[in-house]
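Taken verbatim from Swiss-Prot:
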| type | residues | note |
| --- | --- | --- |
| TRANSMEM | 25-45 | transmembrane segment |
| TRANSMEM | 73-93 | transmembrane segment |
| TRANSMEM | 97-117 | transmembrane segment |
| TRANSMEM | 134-154 | transmembrane segment |
| TRANSMEM | 168-188 | transmembrane segment |
| TRANSMEM | 200-220 | transmembrane segment |
| TRANSMEM | 237-257 | transmembrane segment |
| TRANSMEM | 264-284 | transmembrane segment |
| TRANSMEM | 289-309 | transmembrane segment |
| TRANSMEM | 338-358 | transmembrane segment |
Amino acid sequence: MLLELAQWFAGDIRLLNVFSYITLRTVLAALTALIISFIVGPAMIRKLTAYKIGQAVRDDGPQTHLVKAGTPTMGGALILVSIAITTLLWADLSNRYVWIVLITTLGFGMIGWVDDYRKVVYRNPKGLSARAKLFWQSAIAILVALYLVLTAELPAQTTLIVPFFKQVAVPLGVTGFVALTYFVIVGTSNAVNLTDGLDGLAIMPTVMISSALAIFSYVAGHAVFAKYLGMPHIPQAGELAVFCGALAGAGLAFLWFNAYPAEVFMGDVGALALGAALGIVTVIVRQEIVMLIMGGVFVVETLSVMLQVASFKLIGKRIFRMAPLHHHYELKGWKENQVVVRFWIITMMLVLFGLSSLKLR
């Protein structure tokens, strides 16, 4: 919106031409989302508390978590509102990728909102059934995947890029692309949701990864940089850096309220949406394998749940004291802050390793 206004008046005020730079708008998007979240956050927390939109805590979980019962949840709505407003303000609204990412993010956010609403307002601990949740996640992911593959103009837009190797790409075809896109979006969405079990645990890795994806998006959308770094050039993908900047800014502000001891939880409305956002951006800029590296904490948390369930069903024994993995370490004696910060450190190292793929080819 502001970009269009700047372009309209650029002939009279040449200084406005600076808004054509994606890098500047990415920084401004991050700052805008940060400020919106900081301003709106306290009021939202007061409203959630007044309406008793509180988190239920599982009885079989770590006993230290019982004090969290009643903490306001559904705070992820704050993140989504900040991202949406900021993206509409600073991104190029004629760019189709901007709308694809926004629609996907808000679509998954709506699924999470219904789930949270049923849990909190209707006092239904199960919320939206797993089958219904997966159905709607699948519907959105498949529709988005079909749109992307059927409107692709370049082979690079539908190939699997292998990082750390020059010009190594695997053609996926329509079926392969749709399948991979489905698993990346739905998988990342649910992985972030599973990880969101401790104060600040999920949001900081999300901020780190979205910041890295902003760099990948900018490079992918820049023909010269993409060629120099051996990355596929995806026309118009650079504009996603603005969205990623907004996500990082909103997420960082949310961490202010979500840090231990948390004043608010993001709930499924935030976790499912943010995971889907990371997933769809990853797909568009063709960095699925790099995302697997950078999101290593999310991957391991998800695998811990899968292994725990499989082990118990097959041999009647549990591999971990409790799943997801962060609860296992809590029961081993780690303090909540220790688990969170150590997982942050691991994510930071993985993100830096993922970013190194830009040059190490």
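One-based numbering along the chain as shown.
Glycine residues also receive a Cβ, built from the backbone N, Cα and C atoms like all the rest.
When Cβ distances are compared across the two stretches, the transmembrane segment (289-309) makes contact with the transmembrane segment (168-188), since 3 or more pairs at least 6 residues apart fall below 8 angstroms.
Distant neighbours of the transmembrane segment (168-188): 104, 134, 137-138, 140-142, 144-146, 148-150, 155-156, 158-162, 232, 275-276, 278-280, 282-283, 288, 291, 295, 298, 302; these residues of the same chain sit at least 6 beyond its ends, with a Cβ under 8 Å from one of its Cβ atoms. The stretch in 25-45, 97-117, 237-257 that contributes the largest number of Cβ pairs under 8 Å to the transmembrane segment (200-220) is 237-257.
Tertiary neighbourhood of the transmembrane segment (237-257): same-chain residues 22-23, 25-38, 41, 45, 75-76, 78-79, 82-83, 86-87, 90-92, 95, 97-98, 101-102, 200, 203-204, 206-207, 210-211, 213-215, 217-218, 220-222, 263-264, 266, 270, 274, 277, 281, 284-285, selected by CB-CB distance under 8 Å and a gap of 6+ residues from either end.
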